Structures are given as structure tokens and as C-alpha cells.
Amino acid sequence: MSSQEASKMLRTYNIAWWGNNYYDVNELGHISVCPDPDVPEARVDLAELVKAREAQGQRLPALFCFPQILQHRLRSINAAFKRARESYGYNGDYFLVYPIKVNQHRRVIESLIHSGEPLGLEAGSKAELMAVLAHAGMTRSVIVCNGYKDREYIRLALVGEKMGHKVYLVIEKMSEIAIVLEEAERLNVVPRLGVRARLASQGSGKWQSSGGEKSKFGLAATQVLQLVEILRAAGHLESLQLLHFHLGSQMANIRDIATGVRESARFYVELHKLGVNIQCFDVGGGLGVDYEGTRSQSDCSVNYGLNEYANNIIWAIGDACEENGLPHPTVITESGRAVTAHHTVLVSNIIGVERNEYTEATPPAEDAARPLQSMWETWLEMHETGNRRSLREWLHDSQMDLHDIHIGYSSGTFNLQERAWAEQLYLNMCHEVQKQLDPSNRAHRPIIDELQERMADKIYVNFSLFQSMPDAWGIDQLFPVMPLEGLNKSPERRAVLLDITCDSDGAIDHYVDGDGIATTMPMPEYDPENPPMLGFFMVGAYQEILGNMHNLFGDTEAVDVFVFPDGSVEVELSDEGDTVADMLQYVQLDPNTLLTQFRDQVKNTGLDDALQQQFLEEFEAGLYGYTYLEDE
């Protein structure tokens, strides 16, 4: 692939920015993965890897997970805060506390724990706390307990403290403190407490309601004062050691982060004035990732990098401490998305393509009705004059005629052949107009976008949007999507991607397209009979755990991929994926009962025994097969 072609492809899909040096296009026009950019020789051709796995029986769709990316993300964030602390003379420590709600899979938690980097864990429920406590012996670090808490949750956290772990119970509701003090006395343990302050500062974007005065969690200023007095009266003021706030997930604008940290730093100062020895400053989540690669303030991008993020936090806290003569606290961030998003790619196969093809135009019958004649006259005029200023007018005239023909068809004025002729001529018109439009002409941009959407290939992909990318459906989250191969060809086609659920919402509506977002996906020319595999990137945060079972499509298979400098690759199956039986059991449909009921029906058909046996074997094989489409 020439450098010019490679450059164009990188710009089209913006992979140079959202790929973050983990993903690239190689000289064959294939996606390559480098799990550790500090070791550039350790990389793998993803297209070839998937083909090799398929030859060994790998089913698609499947998640290809790269634990080494997780570890590199953790090292990168820790390094950014180390540089910031050194740059500003900050004396406090820093810990990244991983909120396991982002991805609770064992492979994620243990890959991070075994990275050799300092790491804490955060839980937001009883189940998560049990997972965290069980792994706490591997980290000997910090545990932060957030979320709503009942007596059992609080007892579990205090048991962890009694066992020698640093467990911070963050008070988010005033009702929690009485239970904490009661259970601490019962267990004879000094609780280690935090308080979540509800800030006036609020970020922007899809998760802005996580912060601000109307946020679901946290204590208002009055309640913070009440908490201090309750603890003082109980003789437990020294237990309050951590200050926590949260502006929201995926903060796009660094100014919002800086504003929130400055406000929360005032809480740190004021609490010290009240005699509260706050030792840890937990700024929560918010560190975003650039799904678009546009480096902007849009909801799916960020206008800052790791160094700027760390610098703003360390400077704001350090400045408040210096101004008021206070010690530098340990800084904690709960940066789950930034750690996990990049490490997982969903790979799937295309199962069908529907194209709007150009065909040779033929005139209507001489006695054809006026709308048909009008469409043909417009077609001839466009070919005879070639006047670009009339392109929009010609397209609009054809649209009006086609609209009249559709109405006439419903009333019986036009027959099926006439409707088909009109629709095909309109497609031809769109093809011709599209060829003559100039993307550099701003006046042409709206009509180019309209035609790209109208003429795009419909590509049916073997996956469930609701299971594998629920945020794309639920909140219009954008995820980068690319073919894994054929990227040494110019992206001449446009496409929309549709899943295999029986739901019209099962479609991807937005795609990365250069420095912007489009409603269609750029695609290189491809053979519809042998289409490329597709990769859905940056799905490592939230998607696996939020995925739902629409149409009873289950978890996909998942593999962990390890890449080494000598070019060797190790692949481990980490999740076999759900069978049909698994999904049926989840909705209380027992597979054995279903098989018995089906067997009884087959017996009553009167078919010969061999055919009955064939039907039973096919039903049973389906029960214990993959929930997604499989080739014979």
C-alpha cells in the first residue's frame, strides 16, 4: 500500500487518533494491533489472527480482548500523574482505583492487578464488594465503597477493614452514617470513612446528571456539616479521611474538570478548618476517551490528553493546599473507562449485503401517465444540459414525481411494474447527481449527505446491537467501526450496518468519517459475495455488562490475545459464549422440557422413524449451539 493510500485511509477512519497507537493499518491494508506502544515490534495482524482462529473453530461474533492494553493504559495514567506531581512539587501519593462496574470480568480485574502497578478497587454494590474483597489480598491497596448501602454491605466493608485492608466507606446518604457507627461498634473496628460532596459544578454531555446539585448521589453543603458534627459527637471525627466527588463519566471538556476540582478543593480546605483530617482526595471518574478521534468537546470525544488531565488535577489541589498551608493529600481517580475502553474489539462477519445498483435507463411507454413522462424528461434534461446549478432542482423534481407515483400506486392508478420503473429511474438519477457533486462546495454538502444515506449499501452483520453495543442504541454512543481488511483500497462506497435482531432499532446510526461524524460508513470497494470482516472498536467499557438479551441473543465468545516482541501470539478462550439452552433457561424455559415436548409432537406426525430422528437431532443440536448465525 502506498503512503498516499495509507494516509487517506487513516484520515477517513481517524484511526490515528482514536486508535491511540494500539490500532493501525499495515502495508497489506489490514488492521494491526500493538498492545504496548512502548514495544512497537510486538504487533499482530488482526484480520489474519481472526482467520486463523476461524480455521480452528472460532465462532463469530467474538470479542478479541488484549489484556496488555489494559496494563499499558494503567501504566500510562500512573505515569502521567507521576510527571504532574514531579512538575508541581506535589508531595502526596496517587492511586488509580478501578471501579469494577465498568467491566467486572475476572480477566479485566486480574490483568490490572497483575500489571505490577499500584492499583485500588472500587465497588458500588454488595456483589461488587464481594468480588473486590476476594481480590484484595492481591493488591494490598485501597478499596473504595460507593453506592447505596444496606447493613450487610456496610458489615462486609467493615470486615475488610478488620482484616487489614484500607476500606473507605463513602457516605453518600445521611441515613448511612448511623448504621456504619452501629456496625463498627458491634465488630469492634474503627471505620475508615469518606464523604461524597455534591458540587455546584457540572460537566456537559451524556452523563452530566452524575454531577451538579441535582445529582443522584452525594451530600449537600449543609449535610456535610451535619455529618461532621455527628462524627464529632460520636468521637469518630478522625474516621473521616476521604473527600469524594464525581462530575460525570466521559468528560469532554478539560475546563469542566478544572472547575470541578477547584470547587472540591475548597471543600478540602473547609473540612480541615473544621478539624477534619482529610488524607485522600478522590476526584472520581470523568477521564474520557476519544471515540471519534476528533479531539473536540463533542459527547464522544475529549479535548485533552492524559498529561493535561493529570496536570489540571494536581495543580488545582496543590495550589489550594499551598495557599492555605495544608498537607498534600493522596489523590485518587476512578478512571474505569479510560483504562478499559481500548482493550476489546468485537469482530463479526457480514451475512448479507443489499446494494442500490445503477441499471440502464429505458423510456416509459408512449401512453404512460404524466408523472412517469415527467421523470423521464428530467432524466433526459440532466444528461443533455450538464448544468450543475440545476442538480438540486432535478433531484427535487424527480422526488416530487416519485411521490405522486407512490400515492397513485396506493390508489390503483399505477401498477407494480410502473412503480418499479420509477424507483429504479430515481436511483439512477441519484447515482448521476452524486457523481457530479463537489464535496468542496459547501452548497453541495447537504445534498451529498442526503444521497449518501439514500444510496448506502445495507450491510447485515452477525451480531446484536443490544447485546454487544447497548450504548449505541440507548444513548447514541459512537464506536469506531472498520473493516479488518481491504484498507489498501480507496473508500468509494458508503454503508449502514444492521444487526440480526427483529428490531428496527438494531442499526448503527453514526460513524467516524474523517474529522466529523456521518450517518453512513465509508467502505472500500468489496465483493458482496466475499465481504470483509468488521471490527467494532473500543467496546471494553460497560458494553459487556450492560448488554441485554433482546431476541435471546446471548454473550459472544471471547478470547484473550497476548502479543510478544518475537512475533508470537498466545490466544486463550476466556468465554465460550451462551448457547440457546443458556438463554432459554434464563427465561425459565427448561431445555429438557422443551426437547420432550418437541419429541412428543414429532411422534404424533406419523413420519417415518428416520425422519423423526433427524428432526430430533436437529432440534437438540440447535439447543446447545451458538445463539448467533452459524455457517453449516
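Heads up, the Cβ atoms here are built off N, Cα and C, so glycines get one too.
According to Swiss-Prot, the N6-(pyridoxal phosphate)lysine annotation covers Lys101. Other Cβ atoms within 10 Å of the Cβ of Lys101 (N6-(pyridoxal phosphate)lysine) number 20 in total over all chains.
Annotation comment: Swiss-Prot describes Phe281, Asp282, Val283, Gly284, Gly285, Gly286, Leu287, Gly288, Val289, Asp290, Tyr291 as substrate binding site. With a cut-off of 8 Å between CB atoms and residues at least 6 apart in sequence, the same chain places Trp18, Asn20, Gln250, Val302, Arg337, Ala338, Ala341, His342, Met538, Ala541 near Val289 (substrate binding site), listed in sequence order.
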Helix, strand or coil at Tyr291 (substrate binding site) [DSSP, three-state]: coil
Spatial neighbours, same chain, of Tyr291 (substrate binding site) - Cβ under 8 Å, 6+ residues apart: Trp18, Cys300, Ser301, Ala341, Gln477, Leu478, Phe479, Pro480, Met538
DSSP state at Phe281 (substrate binding site), helix/strand/coil: strand
Lys101 (N6-(pyridoxal phosphate)lysine) and Leu287 (substrate binding site), Cα-Cα, nearest whole angstrom: 15
